[in-house]
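Q: The feature signal peptide is assigned by Swiss-Prot to 1-23. Residues or ranges marked as disulfide bond in Swiss-Prot: Cys27-Cys38, Cys55-Cys154, Cys129-Cys146. Taken from Swiss-Prot, the feature domain 'C-type lectin' covers 34-155, and the record attributes it to sequence analysis. As annotated by Swiss-Prot, N-linked glycosylation site applies to Asn35, Asn109, with the evidence given as sequence analysis.
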Amino acid sequence: MGRFIFVSLGLLVLAFSLSGIGADQHCPSGWFSHNVSCYKLINDWKTWDEAQRFCMDEQENGQLASINDVGESVKLSDEISKTWSIIDVWIGLRLSKRKSIWEWIDGSNVTQTRWEEGEPNNFLKKEFCVVLTSRSRYLKWNDKDCNRRHRFLCKF
């Protein structure tokens, strides 16, 4: 009986110690994880629509990234900052011209907003898509012309 408990405890300790190793196992190679989602930074310059199509082609259920809570925002900020420091990054938020509200491309609810001060400003009445800004260390949003080219973040 004592040996069974010892072996069981040993296996339990081993399982917990390995749980942090390979934390991105459920994500394909080149992707990183947060909770149940996988993300990939794309080092191509594309318009918002081109970036969205790329994400859809890259992975089944792929979209430009939605950001639904502060923890996700901080994780993405940390990961993007490891790769880039002066480049804004497209995310999956855009202004619905029909409804005049901001919507995530994946259909999830906009539960929080993280606009930079003075944003969204719809400069020249042409800014309907959103980037994470490098000057905020990728924590804040700015509306941009959807036809501008930026690097981007995919999610599935």
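The backbone N, Cα and C atoms fix where each Cβ goes, glycine too.
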Q: For the domain 'C-type lectin' (34-155), what's the model's average pLDDT?
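A: Computed over the domain 'C-type lectin' (34-155), the mean pLDDT is 95 on the 0 to 100 scale.
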Q: Mind giving me a neighbour count for Cys129 (disulfide bond)? Other Cβ atoms within 10 Å of its Cβ, every protein chain shown.
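A: The Cβ of Cys129 (disulfide bond) has 26 Cβ neighbours within 10 Å.
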Q: List which of the recorded positions Asn35, Cys38, Cys129 have their Cα within 10 Å of the Cα of Cys154 (disulfide bond), in sequence order.
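A: Passing the 10 Å Cα cut: Cys38.
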Q: Looking only at the domain 'C-type lectin' (34-155), how are its residues distributed among DSSP helix, strand and coil?
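A: The domain 'C-type lectin' (34-155) comes out at 31 helix, 43 strand, 48 coil.
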Q: Within 10 Å of the Cβ of Cys38 (disulfide bond), how many other Cβ atoms are there?
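A: 20, counting other Cβ atoms within 10 Å of Cys38 (disulfide bond).
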Q: Near Asn109 (N-linked glycosylation site), which residues of its own chain have a C-beta under 8 A away, given they sit six or more steps off in sequence?
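A: The list for Asn109 (N-linked glycosylation site) reads Asn68, given in order along the sequence.
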